[in-house]
Amino acid sequence: MAAQVTDSNFEAEIIESKIPALVDFWAPWCGPCRAMGPVIDELAAEYDGQVRIVKMNVDENPGTPSKYGIRAIPTIILFKDGEVVEQVTGAVSKSSIQDMITKKALG
Amino acid sequence: MSEPKEETLHRVRNYVTKYCAKTGLTTHSMPEVTDAVVAGLANHIDTLGKPLCPCRFYPDKAEEIKSRTWLCPCEDMKKYKYCHCMLFVNEDGMPVTEHLPEGHEGIATYGVTKDPAPEKYNPPK
């Protein structure tokens, strides 16, 4: 199960992370977010120790999505060394996220 | 976040049924996808007075309502038959993207997906 991050620990957990980090920005009543949730959980287990894969509830944490200009959700952002290296929106496939991680985070 | 009223849920479900018939689209094969969006729309009706799309982040929901852009059916739905929220999808469970303009994020995410009922595509003039 992917951990949840908040506005208050985003800096420490993601920006200062020693390994790449992927954040799923979601909301409880968003249909495609419901579809993506299990995929993100699977990826968190698969990449454990290599990529920090977490979720952020935008309804409870408005500061971070505002900072990153998020509008449609789910939005998935991949960070490396505290910088955004890739961003996708919508119910994307698991393989496309794996490709993104391989090319942009682990490559 | 409070649960929506049962009567509001009923209203939204009726709306979804009628809008599917009007557009020739269907709801998602995963009931939890549809249930989440219906509950989100109902919650926004109960709390904000309008069916604001629950699949977007708004820094200020009350301000967002004034523009009407993301009130269901949203501008993307009315103009392009595209529902990012996956409330109205084709038979493959995909949002329709074939009417979207080049460069729209829906094409980048889903590729070009077909409208199963193009005869029911009536964008505003």
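Glycine is treated like the rest: Cβ placed from N, Cα and C.
What TrEMBL annotates here:
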SITE      A:Asp24  site 'Deprotonates C-terminal active site Cys'
ACT_SITE  A:Cys30  active site, nucleophile
DISULFID  A:Cys30-A:Cys33  disulfide bond
SITE      A:Gly31  site 'Contributes to redox potential value'
SITE      A:Pro32  site 'Contributes to redox potential value'
ACT_SITE  A:Cys33  active site, nucleophile
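Sequence features, as recorded in TrEMBL, placed on the structure.
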residue	record	Cβ neighbours (10 Å)
A:Asp24	site 'Deprotonates C-terminal active site Cys'	26
A:Cys30	active site, nucleophile	30
A:Gly31	site 'Contributes to redox potential value'	29
A:Pro32	site 'Contributes to redox potential value'	27
A:Cys33	disulfide bond	30
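Considering only the recorded positions A:Cys30, A:Gly31, A:Pro32, A:Cys33, the residue whose Cα is spatially closest to the Cα of A:Asp24 (site 'Deprotonates C-terminal active site Cys') is A:Cys33. DSSP assigns A:Cys30 (active site, nucleophile) to coil in the three-state reduction, placing it in neither a helix nor a strand.
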